[in-house]
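Here is what TrEMBL records for this protein:
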- 124-181: domain 'DUF3772' (DOMAIN)
- 591-658: domain 'Mechanosensitive ion channel MscS' (DOMAIN)
- 666-748: domain 'Mechanosensitive ion channel MscS C-terminal' (DOMAIN)
- 763-789: region 'Disordered' (REGION)
- 1-20: signal peptide (SIGNAL)
- 194-215: transmembrane segment (TRANSMEM)
- 236-261: transmembrane segment (TRANSMEM)
- 273-292: transmembrane segment (TRANSMEM)
- 318-337: transmembrane segment (TRANSMEM)
- 343-363: transmembrane segment (TRANSMEM)
- 390-410: transmembrane segment (TRANSMEM)
- 422-444: transmembrane segment (TRANSMEM)
- 456-480: transmembrane segment (TRANSMEM)
- 508-525: transmembrane segment (TRANSMEM)
- 546-567: transmembrane segment (TRANSMEM)
- 573-593: transmembrane segment (TRANSMEM)
Amino acid sequence: MLRRALRVLAILSLVWTCLALPLAAQDNLDFDSFSGFADTVEGVIETREATDDEFRALRSQLVDWRAGFADAQDVNSARIASLEAQLDALGPAPAEGETEPESLASRREALNSQLTAARAPRLEAEEAAARATSLIGQIDTTLRARQTDALFELARTPLDPTLWSGAVASGLRVIDTIRTEATARLSEPSTTGLWQRLALAAALLVFAAFLIARGPRVVERFLARIETRAGEHGRIVYGFLLSFGGVLMAMAGVSLINAALITTGILGPIGQATAIGINAAILSSAIARWLGGRIFPERDAIPSPLDLTERQRAKGRFFSTLLGVLAGLAVILRVVASRAEIAPDYVGVMGLPLHLATGYVLFRLGKLLVHGGAVGADTEVTIAHHAARILGTAVQAVGVIGPLAALVGFRALAQELIAPTAATLALLAFLASLHFAVRGAFAIARGLDTKQAQQALAPVLISLGLTLAAIPVLALVWGAEPSDLGEAWTRFRTGFKLGDTTISPGDFITFIVVFAIGLAVTRLFQGTLKTTVLPRTKLDRGGQNAIVSGLGYLGLTLAAVIGISAAGIDLSSFAIVIGALGVGIGFGLQNIVNNFVSGIILLIERPISEGDWVEAGGQMGVVKAISVRSTRIETFDKRDVIVPNGDLISGTVTNWTHGNSMGRVIVPVGVAYGTDTRKVERILKEVAEAHPIVAVSPAPNILFIGFGADSMDFEIRAILTDVSFVVTAKSDMNHEIARRFGEEGIEIPFAQRDIWLRNPEALVQATTEPRPPSDALDPALVGPDPDGD
């Protein structure tokens, strides 16, 4: 025992020595002082006899030291950059076996010496910062190990009857202590004006009770008025804000209660702790009631993420409020037990009913969440439904495991399961309610209807940002300490290493900003060329689009390269990895790469351009856009056909308008035998030459094709100035041919058919047979007579 006591005293002295180090040593970055401090911390960590608070104090000192070292790493940065630039100007050092002029060699040696001296403080600061980070990690590991051990520490079960009398006695002792404290303060001679203070406190308590009890009902009346006057989105937004007013009223009521208790001055330490717990319980109940009303709304006008019936929503509101009340009672028990120094075993007995009741409430709420995530056969399943079912199942599991752990004796495990689960439900409910409010506000600002608001992207992004911002809060709820969040933020700011390159958030933001600026300049330059410069040149539209697209690719590449350079990211160490990755991508995505390269070839060679009339793969239409991977063709029935660029390069493509818009039309015509063929030829030639879009040179040609089964066949072959109107031209010529042939008396033959019947006598017999009367029915169809006749 004596040896252990001496060991503890030695550790405490080491801790006190560490905590008593002057902060001036940190300000001046005395590396020797830090080295001694770090040696002491290592000894404390090795013995593991310090308390948690002492470890946290040492950790705070290490964080301060590390912050100073991080600032010291920028010392001489300008001088180092200048020396490195001078060395680069001298060129690479000569290889082994090679020499350089003596003046250059001496200058290089002097610069290297200066660079080594300039880098020394930075390297020393980096080494000290690394040591501090390592010690911080060791302390965090020790604290987490202790938390884990405490979490699974098995205490006496609260079902042990020998603990019940002690728990009851502890509760009675707390009540007696509160009464004794109040009596003693009332009997003090310094209680002048006590009755005036009591009267003021009573008035404050009455007003606080009114705010807490009647405040939510006043808010509900305002909400009912808003629902009748405001629009759909207005009801959501204003309803959210006004309903939160109920929580504010509860907070105001709690503040008045605190003011009333302070005014009386009759409460002692335990009485004040009890009052604080009661205030927290009131606030917890008000928040739970408010969140329950938002997630399980009483009125259909309030949106909810869960698909529940009115009866299920009523149950949800009840259990939400009950969960807040139970959480408040747990706070009262924890605060009073800590202040009154009640034994942990007795606290476990007192808290068992709360654990059982809270577990039951969590199980019922989890069941409602599972029902709310269920959908019908004709309802689309969304991620919200999956999340609700998963969350509900997890809450049900906690509702069962938590009370069982408390019954067995794992008090810490039960507490760390039940309380964080309830807090997580409250946080998620608040985020869901806030999402609907944000969406409603966005719809009001943009003048959107319900469907447009549901499909808008901005509210989703805002809600996603709020959810990410709530992650640290969620971590604190589940046992993380503020120091853990600070350490995570420090590591995030420091960045992460990829090979020999360190990428920090600042570097990433620099890259994003520079890339965005480069992309904006590229788009501006493209727009200027497309609308102002290129239309005044002699290039066709396809060439103009090719130049604009090529500049877009070039600008995108330059923006990425400049952004990487501005961020200081060195990709030379990733050359082999990037090369191997490129080979893998080439094999795995060879079709996409093929289409990409084909798209570039299309832009350079321009066998087809936007606006061309093409036929490819059995599809005919007008080219509307040539992108990186594919080409979009709009058919004449206004359908878009997406053709991979590789098919256009490797396959056969007919371009009707490549180079010029001229094209040939063929109009077949048949006339009856005996017609004067030269007369027909003259009429057809006149019809073709009279059409406005038929080219004069070459002149249209009339051909006598041959003798058909029913007619003599002719063809008009003419060149059109715009082949896009080939169908219209053909239709116009047919109309004119029909009119001219009618005037000239020329017959257009048509096929005639003679029908021979092999058995006409069967048809005659069928028509002469008598038919049964329409009212005669088949007895087999009617069925037997029910009377037996």
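One is the number of the first residue shown, and numbering goes on along the chain from there.
The backbone N, Cα and C atoms fix where each Cβ goes, and this holds for glycine too.
Nobody curates TrEMBL annotations by hand; they come from automatic prediction.
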### Message
With Cβ-Cβ distances below 8 Å as the criterion, list the same-chain residues six or more beyond the ends of the transmembrane segment (456-480) that contact it, or say none.
### Response
147, 416, 420, 423-424, 427, 431, 434-435, 438-439, 442-443, 446, 448
### Task
State, in range form, which of 343-363, 390-410, 422-444, 508-525, 546-567 has the highest count of Cβ pairs under 8 Å to the transmembrane segment (273-292).
422-444
### Summary
Secondary structure split (DSSP) over the domain 'DUF3772' (124-181) reads 49 helix, 0 strand, 9 coil
### Message
How about long-range neighbours of the transmembrane segment (390-410): same chain, 6 or more residues beyond its ends, C-beta under 8 Å?
### Response
151-159, 348, 351-352, 355-356, 358-373, 417-418, 421, 425, 428
### Summary
Maximum Cβ pairs under 8 Å to the transmembrane segment (508-525) among 343-363, 422-444, 546-567 is reached by 546-567
### Residues from the same chain, set at least six apart from the ends of the transmembrane segment (343-363), whose C-beta lies under 8 A from its own
155-156, 158, 163-164, 166-167, 170-171, 319, 322-323, 326-327, 329-330, 333, 337, 395-396, 398-400, 402-403, 406-407, 409, 411, 414-415, 418, 421-422
#### Entry: Residues in the domain 'Mechanosensitive ion channel MscS' (591-658) grouped by DSSP into helix, strand and remaining coil
21 helix, 26 strand, 21 coil
### Query
Using DSSP, what's the helix, strand and coil tally for the domain 'Mechanosensitive ion channel MscS C-terminal' (666-748)?
36 helix, 23 strand, 24 coil
